[in-house]
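In Swiss-Prot this protein carries:
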type: ACT_SITE; residues: 523; note: active site, proton acceptor
type: BINDING; residues: 82, 124, 125, 497; note: Mg(2+) binding site
type: BINDING; residues: 123, 197; note: [2Fe-2S] cluster binding site
type: MOD_RES; residues: 125; note: N6-carboxylysine
């Protein structure tokens, strides 16, 4: 039977000082050494709408842990708002913050000998950073996120009512046909509430994937941040972490440990969900990183195999269905992630040998929570009726609206069955070829099928800023392939997101007639023929460093290939001319010591852009 980890600091005369400090921090003396210490990793910050409401959430979770028989000790991590950091030097810090968050959780848990962990995450790098930490620590852990934002609604000058999200505010801002007054109305209404941005962007994608992996409760990825139903989710998560902590330490039940939940089969299921729902390409980066922390051999080849057999069952903003745009509130109304998993299960596309923090098996999980399975629990039906309040609010639990009816239409609704899939090809794909020997990724759910095969001349940019300038100066034309290089994990450093270039292409009317390729990455809000994570990156001598203006590039999504149409002899000549120096030309960029440290250890995107400490020698 494993001893409580906290016994190290709660037992023995020589730990009198540690116990004195615990008493000073509010722990009742009678509880010290008798109850498990549950670390509450909160990520509250006033910088990020996805986290601005989390301060009271930490208290709710801590109080529920106390009531369930644990000792809750809350601390905070940092949280970068990618939307605010976007388009300037601040974005260099976003991806490196993932590893910093993972380290900070590890530091706090190990320094204080916590017995278990509950992670209150939400936005882009916070959930994956905490996931990496949980798998690294391998102590009983439950995830519970802050929840999605409601979609926006703006009444324009001409009386037209538009549904909106953050990406609309960015792309419309460069559309000369939209008036300043309408831009202001769009800006004021695109992000109406607290929560992670309303589409299937990176934050919501990752929170949904924690459900599929088995480390969070049903509804974690889809119950709106503003809804009162989310309070019950926080309390249930708190009770669950105390329960699995007891099962491990009192019953020697190792099945509750993160590495025994997040198995290879669980990662495959999560990737199947990701592809079916057309999640952010960033999720691939983060799942690769998490798998390494879990010791699970899971790479781009496995992801490519899954992508070839799983269809696209949901198109959620920024991906657009033919008749309408769906948001996370629509996914929730359709039964949330259990409904998507249920459709995949009925199509024979999920591994059965998985379990979760809340259910002993996949079949038990879906029987209880899938509203389309025929016998969902009353609690499930109640949960999926939680609807948007359509009132501006930055407060959690500020509304309790309910849908009159659920969307159970598997033929034409938000979530489709495999038989009625949006496309037989899934929403994400891995491409390989001489331009990306180790692979690159594209969100096919966001690409118009008319350009799934594409060939055009390269327009080379040594930075995201150069690409933005060329787009805004109208130097990019229909048929071009914009190549942005030296923006990878090492070359950036920090692997910036490219939401502005893709949004500006869309705003200029080039979203369906141009391609963009980069060794950087894209926001979850990106759509169009946007191919990222080209590996090896330019700074590591990848072929993308050899591309010249006018070179023809061919993209073939159905056949999963991407090629620079330049013969090998010429590429060899160009490589020799660089003389081993792979660096951007005429780019001035301030790089801090913190970023240089990240770059010194960073791996390419095909390895998850994780740090490789062996590079330190």
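One is the number of the first residue shown, and numbering goes on along the chain from there.
The backbone N, Cα and C atoms fix where each Cβ goes, and this holds for glycine too.
Known features from Swiss-Prot, placed on the structure.
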residue	record	CB count, 10 Å
82	Mg(2+) binding site	27
123	[2Fe-2S] cluster binding site	28
124	Mg(2+) binding site	34
125	Mg(2+) binding site	29
197	[2Fe-2S] cluster binding site	32
497	Mg(2+) binding site	32
523	active site, proton acceptor	30
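Summary of the Mg(2+) site environment: with the site residues 82, 124, 125, 497 set aside, the chain residues having Cβ atoms within 8 Å of the Cβ mean position are 80, 85, 91, 94, 95, 123, 202, 203, 282, 523. Of all the recorded positions listed here (82, 497, 523), 82 has the Cα closest to the Cα of residue 123 ([2Fe-2S] cluster binding site).
Mapped onto three states, the DSSP output places residue 82 (Mg(2+) binding site) in helix. Note: the CA-CA distance between residue 523 (active site, proton acceptor) and residue 82 (Mg(2+) binding site) rounds to 8 Å. Between the CA atoms of residue 125 (Mg(2+) binding site) and residue 197 ([2Fe-2S] cluster binding site) there is a gap of 14 Å. Taking the Cα atom of each, residue 82 (Mg(2+) binding site) and residue 197 ([2Fe-2S] cluster binding site) are about 11 angstrom apart.
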